[in-house]
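In what follows, a structure is listed as structure tokens, so that the remarks can point back to it.
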Amino acid sequence: MSAVPQRGALVDRFGRVHRDLRISLTDRCSLRCTYCMPAEGVPWLAKDNLLTTDELERVARVAASLGIVEVRLTGGEPLLRRDVVDVVRRMSRIEGIDGPLEVSMTTNGLRLGELAPDLAAAGLARVNISIDTLRRDRFAELTRRDRLDDVLEGIDAAQAAGFAPLKLNAVPMRGVNEDELVDLVRFAVDRGAEMRFIEQMPLDAGHIWSRVEMIRGEEILDALRGAFRLTPIGERGAAPAERFLVDDGPATVGVIASVTAPFCGACDRVRLTADGQLRNYLFAREEDDLLPLLRGDATDDDLAELMRRCIVGKRAGHGIDDEGFLQPDRPMSAIGG
Ligand code: SAM
Ligand code: SF4
């Protein structure tokens, strides 16, 4: 067991400095994407265990004092949280080591039509919106809700609110949307957004993921190369996406090959679930529970120590390719993607 540093930044045993905190605001969702949730949803987290906004703000403040510079709000669907605008406002006022925290969000976009201007005014800097298909019937099948028009309205609202760069996320799936990759890139390019394709990961509550069936990053690139000239954009640092200029730019596209080309060596992320569990990586099977500390008489130093302990225990990589790989007990919607 490595000693836990008593002070300083969130650095793990491999020298990775953690700057990015992903906070799940709720495990609930307005969609039921097949790769994420079963039709009937999942057993929801107990309401009493969900972090209050004061508790979220406190965790973010302590994290900022330890070198976290970006907070990404996610879920479940973060826009289902009633006071989401207030959460954004409070987070974006927290001073980090380089100035105020940068607050971004990953959302299914359904409520952006209504909320985008308020979120922008509250300090939200950037949004990633998930859109796996542009076809209404497919969308209804894939998400089990007929809400494509709301997502499209959300994307327009995000553009109008000035979130930049605007990123659109899709998970390519065989026999589902694999024939739409080029259309999705064109759709994004037309809106000045970056399309990002994410390899499907074994994080679905229904356990439908299959290594054989999943569409690999290389396949995604091959499909795109049939329609566009792709030029790699050099260094990606800690960013998960390998990015390319589309037809010499300025449009870009990204591929996140978490399964076949993991980027764990540069990972600077730590996650906080809606019920106060710190997870040092997406596939973690163990969590550090902040809830008793937040609701007991723990000091900020106690919280900081637990955060450091969590980071020190981080593994080198996710090991999806290891023989003994076990899917985490929590589905993606309850971890915070
Ligand atoms: N509800 C929001 C949304 O869909 O953008 C935020 C939470 S969702 C868990 C965050 C991202 O994770 C989405 O882009 C979604 O497509 C992605 N995701 C969910 N399950 C996944 C899986 N099994 N493999 C890869 N990506 C997944
Ligand atoms: Fe909801 Fe996002 Fe999961 Fe789809 S991917 S079910 S929108 S949490």
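Keep in mind that glycine also has a Cβ here, set from the backbone N, Cα and C atoms.
Features reported for this protein in TrEMBL:
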- 13-230: domain 'Radical SAM core' (DOMAIN)
- ARG22, ARG72, THR106, LYS167, ARG269, VAL270, ARG271: GTP binding site (BINDING)
- CYS29, CYS33, CYS36: [4Fe-4S] cluster 1 binding site (BINDING)
- TYR35, GLY76, SER130, MET201: S-adenosyl-L-methionine binding site (BINDING)
- CYS264, CYS267: [4Fe-4S] cluster 2 binding site (BINDING)
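Structural mapping of features recorded in TrEMBL.
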residue: CYS29; record: [4Fe-4S] cluster 1 binding site; Cβ neighbours (10 Å): 22
residue: CYS36; record: [4Fe-4S] cluster 1 binding site; Cβ neighbours (10 Å): 24
residue: ARG72; record: GTP binding site; Cβ neighbours (10 Å): 22
residue: GLY76; record: S-adenosyl-L-methionine binding site; Cβ neighbours (10 Å): 29
residue: THR106; record: GTP binding site; Cβ neighbours (10 Å): 21
residue: SER130; record: S-adenosyl-L-methionine binding site; Cβ neighbours (10 Å): 22
residue: MET201; record: S-adenosyl-L-methionine binding site; Cβ neighbours (10 Å): 21
residue: CYS264; record: [4Fe-4S] cluster 2 binding site; Cβ neighbours (10 Å): 18
residue: CYS267; record: [4Fe-4S] cluster 2 binding site; Cβ neighbours (10 Å): 22
residue: ARG271; record: GTP binding site; Cβ neighbours (10 Å): 23
Span of TYR35, GLY76, SER130, MET201 as binders of S-adenosyl-L-methionine, largest Cα separation rounded to whole Å, comes out at 16
ARG269 (GTP binding site), Cβ-centred 10 Å count of other Cβ atoms over all protein chains shown, is 20
What remains of the binding-site residues ARG72, LYS167, CYS267, ARG271 after requiring a CB under 6 angstroms from ligand 2 is none
Record-listed GTP binders ARG22, ARG72, THR106, LYS167, ARG269, VAL270, ARG271 have a maximum CA to CA distance, in Å, of 21
Those binding-site residues among TYR35, LYS167, MET201 lining ligand 1, judged by a Cβ under 6 Å from any of its atoms, are TYR35, MET201
By Cα geometry, the one of the binding-site residues (TYR35, CYS36, GLY76, MET201) nearest ARG271 (GTP binding site) is GLY76
Cβ neighbour count (10 Å, all chains) around ARG22 (GTP binding site) is 21
